[in-house]
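Asker: I have a structure I would like to understand better, so I am pasting it below and will then ask my questions one at a time.
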Amino acid sequence: MTEPEDGPRARERTGMDRIHITGGTPLNGVIPISGAKNAALPLMIASLLTGETLELVNVPRLADIASLSRILGNHGVDHMVVGKRPGQTAETGQTVRLTASNVIDTTAPYELVSTMRASFWVVAPLLARFGEAKVSLPGGCAIGTRPVDLLIMALEKLGAQIEIDGGYVVAKTKNGLRGGEIRFPKVTVGGTHVALMAAALAYGTTVIENAAREPEVVDLAECLIKMGARIEGAGTPRIVVEGVSRLHGARHEVLPDRIETGTYAMAVAMAGGDVTLEDTRADLLHSALDVLATTGTEVTSTESGIRIRRNGAGIAAVDVTTDPFPGFPTDLQAQFMALMTLAKGRSHIRETIFENRFMHVQELARLGAKIRLEGDLAVVEGVERLKGAPVMATDLRASVSLVIAGLAAEGETQINRVYHLDRGFEALEAKLGRCGAEIRRVRA
């Protein structure tokens with residue numbers, strides 16, 4: 001039997017790939033922004049809430065998407081990628097049809113869930129629709145502990161009976177989930193996703209307090225509404241869900257990836273140049289764009305997206321603190337730190353969302369960056385230049401910060417363990433290469 005292209009051996013080979021960057025070339029041109037991975041994942045999981053087809057447009061081609069497709073397939077979800085239309089390229093988002101009319105298993109095993117933490121969220125639709133779910137606790141992630149206790153608490157508030165047995169969350173309901181009040185002690189995107197999906201099919205009204213306000217939460221709510229859910233307040237700290245007895249199929253377009261948008265914006269700010277980021281929206285990341293403008297980068301909204309320009313002027317040092325939306329995104333912290341390594345003066349970057357999210361510091365130091373850590377604070381002393389060197393990717397956002405730094409460094413930067421990049425950035429080398437970057441992948 002032939003292994004699929006995205007099977008375990010293929011992923012192992014990709015992990016041995018390297019990216020080589022020769023820095024010093026400004027970026028000029030157009031970069032199309034893909035659909036948001038962090039929106040596509042919960043949207044795909046929401047397909048378990050109905051036996052009818054959920055069609056998702058603008059789904060990015062990423063390793064995490066492929067992993068979730070395998071996990072949903074294990075439950076019996078039929079997954080079909082619609083063929084390309086005329087004019088579409090390899091970078092055009094996929095249209096994916098998901099049909100959960102024949103769910104054969106409500107168990108999500110460790111060997112699948114451990115490949116991607118977000119897959120734990122299947123516990124909500126499985127429990128809401130079928131009254132039971134057995135889902136492995138997620139495996140390790142380089143970014144701290146990321147506990148699932150708030151997700152479990154949300155389900156218990158809706159009447160779920162939950163126990164932990166052998167590393168699995170075993171969840172049951174006697175007569176379906178019941179509406180209730182869920183008050184999160186801290187903002188949690190995953191917890192809000194789980195609460196929305198569970199409450200959509202619960203009996204009665206559910207109130208979610210201190211809900212995450214991220215655009216990806218709003219995108220999930222809008223899709224659920226198209227499927228027949230009754231939801232008010234998505235995008236605010238208080239969401240009210242009136243449960244319905246069943247949901248139906250729908251067609252929904254995944255919103256643009258604000259993290260990819262911010263990443264390429266910071267790449268232009270660091271390397272210099274003039275790039276239009278197409279098919280994206282400034283309102284998805286106002287905080288990050290405002291900070292970028294403060295560094296001296298020109299940021300302009302256009303009809304098709306956002307134009308980013310930096311003409312050789314120095315980079316101003318700016319302090320940032322990561323916060324839940326609408327604050328500065330933790331998923332752009334590493335990229336911004338890379339930019340600050342070449343700033344004029346000292347900057348302070350405080351990480352308040354995740355512990356252990358400074359793993360890129362040691363690798364940036366190999367390029368000549370001067371960064372001092374004080375608990376959750378990174379103090380960055382700007383230097384005149386970075387010099388290319390071999391570096392190691394440690395997680396998704398850290399790895400792309402090394403790409404950004406490599407674009408501005410003198411000489412060649414070699415990035416190892418690039419499978420992290422393939423989890424979250426679609427056609428990264430092609431998009432940067434078209435704008436003049438000297439970047440290539442050396443396959444194992």
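Glycine residues also receive a Cβ, built from the backbone N, Cα and C atoms like all the rest.
Automated prediction, rather than curation, is the source of TrEMBL annotations.
Fair warning: this is a prediction, and the values are worked out from it, not measured in the lab.
Pulled these features from TrEMBL for this protein:
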ACT_SITE  CYS141  active site, proton donor
BINDING   LYS37, ASN38  phosphoenolpyruvate binding site
BINDING   ARG117, ARG146, PRO147, VAL148, ASP149, LEU150, ASP331, ILE353  UDP-N-acetyl-alpha-D-glucosamine binding site
DOMAIN    22-432  domain 'Enolpyruvate transferase'
MOD_RES   CYS141  2-(S-cysteinyl)pyruvic acid O-phosphothioketal
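Help me picture where these features are in the structure shown.
Answerer: Its Cβ taken as reference, LYS37 (phosphoenolpyruvate binding site) is surrounded by 25 other Cβ atoms within 10 Å in the chains shown.
Cβ neighbours of ASP331 (UDP-N-acetyl-alpha-D-glucosamine binding site) (same chain, under 8 Å, six or more residues apart in sequence): ASN38, ILE259, ARG397. A helical conformation is recorded for ASP331 (UDP-N-acetyl-alpha-D-glucosamine binding site) in the three-state DSSP classification.
Confidence in the domain 'Enolpyruvate transferase' (22-432), given as mean pLDDT, stands at 94.
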Asker: Just checking, which of ASN38, VAL148, ASP149 (binding-site residues) has the fewest C-beta atoms within 10 Å of its C-beta?
Answerer: ASP149
Asker: Helix, strand or coil for PRO147 (UDP-N-acetyl-alpha-D-glucosamine binding site)? Use DSSP.
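Answerer: DSSP call for PRO147 (UDP-N-acetyl-alpha-D-glucosamine binding site): coil, neither helix nor strand.
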Asker: For ILE353 (UDP-N-acetyl-alpha-D-glucosamine binding site), which DSSP three-state class applies?
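Answerer: Its secondary structure by DSSP: coil.
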Asker: Pick out which of the binding-site residues LEU150, ILE353 has the most other Cβ atoms within 10 Å of its own Cβ.
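Answerer: Per the Cβ count within 10 Å, the most buried is ILE353.
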Asker: How long is the line from the C-alpha of ASP149 (UDP-N-acetyl-alpha-D-glucosamine binding site) to the C-alpha of LYS37 (phosphoenolpyruvate binding site), rounded to the nearest angstrom?
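Answerer: Given the Cα positions, ASP149 (UDP-N-acetyl-alpha-D-glucosamine binding site) is 23 Å from LYS37 (phosphoenolpyruvate binding site).
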